[in-house]
Amino acid sequence: MQLGVIGLGRMGRIVVDRSLDAGHDVVAFDLDAEATAAAAEAGAIPADSVADLADRLGEGKRIWLMVPAGDAVDATLEELDPHLDGGDVVVDGGNSHFGDSTRRADSCPAAYLDCGTSGGPASAEAGFSLMVGGPEWAYEELTPVFDAVATGPAGHDRMGPAGSGHYVKMVHNGVEYALMQAYGEGFELLHEGRYDLDLEAVARTWNNGAVIRSWLLELCEEAFREEGADLGDVADRVEGGSTGTWTVQEALEQEVPLPLVYTALSERFGSRAGEDGRFSRRLANRLRYGFGRHEVQRE
Ligand SMILES: NC(=O)C1=CN([C@@H]2O[C@H](COP(=O)(O)OP(=O)(O)OC[C@H]3O[C@@H](n4cnc5c(N)ncnc54)[C@H](O)[C@@H]3O)[C@@H](O)[C@H]2O)C=CC1
Ligand SMILES: O=C(CO)[C@H](O)[C@H](O)COP(=O)(O)O
């Protein structure tokens, strides 16, 4: 299949590389010319604008957007609009709000797939987990690309109609916040508590057979190995928060109690309000680098 990829940062570049590896042809564009040139070096056909990318794709365009959520998605869709028709498919693989995605699906001339993407840049080799919303025919049409970008056929599925893919990814991120909070609290007590413990050894032991083993816990182990058991100069400041905020807003609207997600989100806000250093938040700060390559805030 021929795939156009717009947005070649940490995540988009992985979409390009995994698609190329699976034998697909890729036309690539990023506002940053260096990112486009790097994708070309890897084997993609470079485009010098959104219009150029659309021209190079011809009829039956399949286009994957991996730009920051919000204005960049709308700006790209506006540029694509005159080049699209009902036989084309656009995938938004970023962390867009599900409400934005349903609005875009309504106005986009092409079939529109909202695709929640999990795994982060750290999953370049293993592949992502993809949660897709939108028309069934478009999902089936893009399945060879989803097979390539995900861990394989089991790593993606159609969640339902427009918006559902990003809705599921929003809730996924709420769970991610709560899990980070839970591990953070446990390690904080172990760090402050009555024994002088090697937290890397604790995490390694837990990761081998314990009920609470997980990839996030492997990233805790990695963080202690690389930063030291006291997390060195990793600051008590946790950035991000948009997807967790949306999760809590949706829970309030649906009257579903989500105290853990709300607490984890509040901890992030607290970390940015000058409250004093908490080990749990320092670990959350470092874990965001582990899965997302988000910059670590340091003292
Ligand atoms: N980093 C992560 O762990 C994950 C990120 N995501 C989502 O994937 C999307 C991309 O994230 P990253 O790759 O991490 O960001 P990034 O900042 O590494 O890359 C974004 C790229 O988009 C380009 N760009 C921005 N506006 C553009 C436009 N109008 N036209 C063309 N290119 C444009 C930038 O030059 C940059 O190369 C975001 O929505 C993010 O929330 C989703 C899952 C995990
Ligand atoms: O979607 C992701 C992981 O699943 C991204 O890494 C996202 O940026 C995480 O959210 P936040 O930036 O609020 O920590």
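For all residues, glycine too, the Cβ spot is worked out from N, Cα and C.
As recorded in TrEMBL, the features of this protein are as follows:
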type	residues	note
ACT_SITE	LYS169	active site, proton acceptor
ACT_SITE	GLU176	active site, proton donor
BINDING	GLY7, LEU8, GLY9, ARG10, MET11, GLY12, VAL67, PRO68, ALA69, ASN95	NAD(+) binding site
BINDING	ASN95, SER118, GLY119, GLY120, HIS172, ASN173, TYR177, ARG268	substrate binding site
DOMAIN	165-295	domain '6-phosphogluconate dehydrogenase C-terminal'
Measure from the CA atom of VAL67 (NAD(+) binding site) to the CA atom of TYR177 (substrate binding site) and give the result in Å, rounded to a whole number.
22
Take every residue in the domain '6-phosphogluconate dehydrogenase C-terminal' (165-295), average their pLDDT values, and give the whole-number result.
96
Most Cβ neighbours inside 10 Å, all chains, among the recorded positions LYS169, HIS172, ARG268:
LYS169
Secondary structure tally of the domain '6-phosphogluconate dehydrogenase C-terminal' (165-295) (DSSP, helix then strand then coil):
90 helix, 1 strand, 40 coil
Among all protein chains shown, how many Cβ atoms are found within 10 Å of the Cβ of TYR177 (substrate binding site), not counting that one?
26
Between ALA69 (NAD(+) binding site) and ARG268 (substrate binding site), how far is it from one CA atom to the other, in Å?
20
Calculate the distance in Å between the alpha carbons (Cα) of GLY9 (NAD(+) binding site) and GLY120 (substrate binding site), and round it to a whole number.
11
Checking proximity to ligand 2 here: which recorded positions out of GLY9, ASN95, SER118, GLY119, GLY120, LYS169 have their Cβ closer than 6 Å to it?
ASN95, SER118, GLY120
Where MET11 (NAD(+) binding site) falls in three-state DSSP terms:
coil
In the chain carrying GLY119 (substrate binding site), residues 6 or more apart in sequence that have Cβ under 8 angstroms from it:
ALA126, GLY127, PHE128, SER129, PHE291
Out of the recorded positions I have (ALA69, LYS169, ASN173), which ones have their Cβ sitting under 6 Å from ligand 1?
ALA69
If the NAD(+) binders are GLY7, LEU8, GLY9, ARG10, MET11, GLY12, VAL67, PRO68, ALA69, ASN95 per the record, what's the largest distance between their Cα atoms, in Å?
15
